[in-house]
Ligand SMILES: [Zn+2]
C-alpha cells in the first residue's frame, strides 16, 4: 500500500470512528461535568482521592513502574485503555452520586446504565443469572438427548423416530453458546465481548424462528426445510455482519430481535391454540413468559441500587421458562415417536 492510500484510509477511519462515537453517545456522557472529570482523571490518574495504577505514565508515554517485558507496546496500549475505562467508570459513579443528591434519575453512559462493579465484574447479577441459564439449557439438552437415544425406541438405522432431534440439538448448542457469551459480556464489557454476545443472541433467535416455522407447520420434507432456511440464513448472516463490521446499531438490533422474537411467539401461540398436542398447556405458559420477557426488553428501566435492571430481570425470567420449554420438547419427542410407531404397526 502506498503512502497516499494509507493516508486516505486513515482519514476515512478517523471520520468513521468519529461517526460511531457520535452515535454511541448517551445523555450521561454528553454531560460537561462528566467529560471534564474524565479528562482530568486521564491526566492525573485520580478521581477525588481514588487513584489508578494504570494511569501512571511518564511524560513520553512509557509506564513508570514494572519490568521491561511489561513495557511492550501491546501492554502499553492495554494500560492506556484500562486507565481510560477506569476513569470513565469512577467519574460515572461520582456524577451519579451527585445527581442522586439533586433528586435526578439515573441516565445512561455510552449506551449503558450505570452499573456497580463487584470484584471487577461489571454486572454480577446478570453474570450469575446467565450462568444459571446456561446450566438450565445444559440440563434440558442432556435430558432430551438421553430420552431420544436411550429411553425411546430407535429406527433400524439407529436414527430417532422423532424428526426434529438434530434441530433441537443445534438449538441447545446455540442456546448454551449464547448464554456463555452473555456471561462473558456482562463480566467485562468491551467491543469484542459485546459483539460476540449480540451475534450469538441473533444467531439463536434466527434459528429458533426457523424451528418454530418447521414445527408449527410440521415441515418434514428436506427440500421444504431448505426453502425455509435459505432466506432466514441470508437475513441473519447479513444482520450479524452488519453489526460486527459496519455499525453496532443498538436501536436497529433491538428492532430485529423483537421482530424475530414476536414472530416465533406468534407462531407458537397460534399453533398452541389449534393443536391437539397433549402438552399444549406448557407451550401456552412459555408463550406468555416469552411475551413478558420481550416487554422487559422494550421497557428498559435503570438498575436498582446499581445492580438489578430490566435486563437482569429478563435473564431471571428465562430460567423457569427454559425448564418448562425443554420439558415440552421432551414431551413432543415422546408424543411424535409413539404416534409414528402406532402408524407403522
Ligand atoms: Zn444479557
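From the backbone N, Cα and C atoms, a Cβ is placed for every residue, glycine too.
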Candidate ranges 101-121, 164-184 [criterion: TrEMBL lists as transmembrane segment]:
164-184
From the ranges 74-92, 283-301, pick the one that TrEMBL records as transmembrane segment.
283-301
Quick one: which of 52-71, 252-271 does TrEMBL have down as transmembrane segment?
252-271
So are the transmembrane segment (134-152) and the transmembrane segment (307-326) touching or not, going by 3+ C-beta pairs under 8 A with a sequence gap of 6 or more?
yes
Which range out of 196-214, 226-246, 283-301 gives the transmembrane segment (307-326) the most CB pairs under 8 Å?
283-301
